[in-house]
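Down below is the structure, laid out as structure tokens.
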């Protein structure tokens, strides 16, 4: 489409577009801090992928999404974002909502045993 509009694609505009897309996807009203560093989103492979695969229908396959996540260099940051912000829908950092709930419970239990 850029070629049709007469603008050549460049690395910087692609990174900005990816970050804008990811912020739109990630900013779903989950109470994130405005100062939170979200620069990792520029590297997220999901920004270059159909977002529908990350929100499969109930009972649908998560394999396409987890396959993308498995190759993503910012998978850990994505997972941390989702767990920290209690995101309850979709595949984030290669995990389902149930996976993230388990991780949050384990973290809480570990903190309680130290306290």
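Placed from the backbone N, Cα and C atoms, the Cβ positions cover glycine too.
Caution: TrEMBL annotation is automatic and unverified by curators.
Some features that TrEMBL has for this protein:
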type	residues	note
BINDING	46, 69, 72, 78	[4Fe-4S] cluster binding site
DOMAIN	45-102	domain '4Fe-4S Wbl-type'
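Structural mapping of features recorded in TrEMBL.
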{"residue": "46", "record": "[4Fe-4S] cluster binding site", "Cβ neighbours (10 Å)": "26"}
{"residue": "69", "record": "[4Fe-4S] cluster binding site", "Cβ neighbours (10 Å)": "23"}
{"residue": "72", "record": "[4Fe-4S] cluster binding site", "Cβ neighbours (10 Å)": "20"}
{"residue": "78", "record": "[4Fe-4S] cluster binding site", "Cβ neighbours (10 Å)": "25"}
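DSSP gives residue 72 ([4Fe-4S] cluster binding site) a coil state; it is part of no helix or strand. Across the domain '4Fe-4S Wbl-type' (45-102), mean pLDDT in this model comes to 95.
Highlighted in sequence order, 44, 45, 68, 74, 75, 92, 93, 94 have their Cβ within 8 Å of the centre of the Cβ atoms of 46, 69, 72, 78, the residues recorded for [4Fe-4S] cluster, and are not part of that set.
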